[in-house]
Amino acid sequence: MKKIDKYIDSVYQDFDGTEKEIKELKVEMRSHLLEIVEELKAEGKSESKAVQIALNRFGDEAQLSHGLMEFFEAQKLFAKKLLRFSIGVCIVGIIGLGWLVILNQMEQNERKDLISNIAAQLNEDTEFSTAEEDEVLKQVNYFSDSLKILHLSIYYSEDGMEEAFPAKVENAEYVFHNISPVNNELVPTKGYALNDKWFMQIQFDDNRNNYIALITLGIFIVFGVLIIIWSILNTYIKKYKRRKNDD
Amino acid sequence: MIKKVIIALLSTVIFSVLLGGINYITMSDKTIEGLWGPMFFFGLYSLPGFFFLGIPLSVLIEKITYQKSFKSNVSLYFTKFVLYFVTGAIAAFVFMMILAIAESEIYLIGQELVSYMMYGVIASLIYYHISLIIGGNKK
């Protein structure tokens with residue numbers, strides 16, 4: 001039996017745990033080994049032979065269990081790293097989304113400035129004066145680059161904007177800017193009432209925003225996929241742990 | 001799981017009534033769609049959002065917060081509040097993008113991004129508080 005005690009001491013030599021835990025585990029292991037020894041003795045083996053066989057068997061078992069534990073520990077570590085990485089990806093996505101929101105708000109404000117500046121130049125007369133026309137053109141040129149204006153045309157309608165919008169470009173009273181790829185059949189992105197009689201149709205190039213939005217979406221999709229992998233892995237590890245505890 | 005479905009259904013109803021009601025009150029011409037029109041509209045769009053994004057994301061938030069220990073229930077509440085807030089905004093963005101791509105009208109994104117994201121945040125916080133009342137949370 002001294003051999004068994006010596007073996008148990010060697011197994012728990014570098015074990016990470018409290019004194020109480022180690023003592024309990026040692027008792028459990030001892031009784032398990034003694035059980036095997038008794039069984040072997042009942043089969044007719046001598047005591048020293050029975051102890052040797054029991055230790056050999058237990059050694060194989062422990063090695064297998066240790067190998068499995070190492071495998072699951074590696075998986076657990078991988079799952080942890082995966083979660084950290086996916087949270088990092090999510091943070092990048094949130095930064096991208098924040099950038100998109102700020103960019104979008106800045107553009108919206110500039111668009112509002114453009115519209116209100118143009119509306120401020122007009123009265124409800126049926127025609128523009130040369131000074132009004134020059135002033136509107138000045139505004140369009142000022143904003144055309146930063147807002148990426150593709151098209152800007154102004155329309156007159158006795159019944160107001162709701163009746164006439166969307167209008168074809170050929171019906172425009174004034175076309176101030178037109179580099180839109182869809183010319184005369186253009187249905188602009190937005191229509192704005194400048195006053196009760198005049199309204200404006202504008203098309204902006206939203207490509208830059210769309211690219212940022214698509215990249216951000218892509219980042220969130222990657223995050224979603226990573227999180228799904230993490231969840232599956234986590235569930236798998238938990239199941240293994242539960243089974244091991246049941247054993 | 002049944003609890004989550006009930007929470008999602010209740011959230012849809014409350015979200016639609018709330019947003020539809022606000023929309024009706026602020027509407028200039030109330031005769032066009034009446035009260036049910038906006039409510040039905042919000043319900044139609046939020047129901048798949050709550051089911052396909054709300055439930056999985058709430059499970060994820062539960063999983064993440066379950067692994068951490070919190071000093072008090074108040075800190076747990078606020079951590080989850082922030083997580084639901086951010087998740088709501090992201091989910092609304094993703095949901096909106098999917099709809100925009102499906103309709104091949106990505107330019108819609110540039111228009112009312114913030115207001116759509118706010119809808120997502122409101123929806124998410126409604127879901128969170130209903131789950132607190134019904135008790136769908138583990139902790």
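Note that Cβ sites are derived from N, Cα and C of the backbone, with glycine treated the same way.
Copied over from TrEMBL, here are the features:
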- B:7-27: transmembrane segment (TRANSMEM)
- B:39-61: transmembrane segment (TRANSMEM)
- B:81-101: transmembrane segment (TRANSMEM)
- B:113-134: transmembrane segment (TRANSMEM)
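The stretch from B:7-27, B:39-61, B:81-101 with the most CB pairs below 8 A to the transmembrane segment (B:113-134) is B:81-101.
Outside the transmembrane segment (B:81-101), and at least 6 residues removed from its termini, the chain residues within Cβ reach (under 8 Å) are 49, 53-54, 57-58, 61, 64-65, 108-109, 113, 116-125, 127-128. Same-chain residues lying 6+ beyond the ends of the transmembrane segment (B:7-27) with a Cβ under 8 Å from its Cβ atoms: 33-43, 46-47, 50-51, 54-55, 58, 119, 122-123, 126-127, 130-131, 134, 136.
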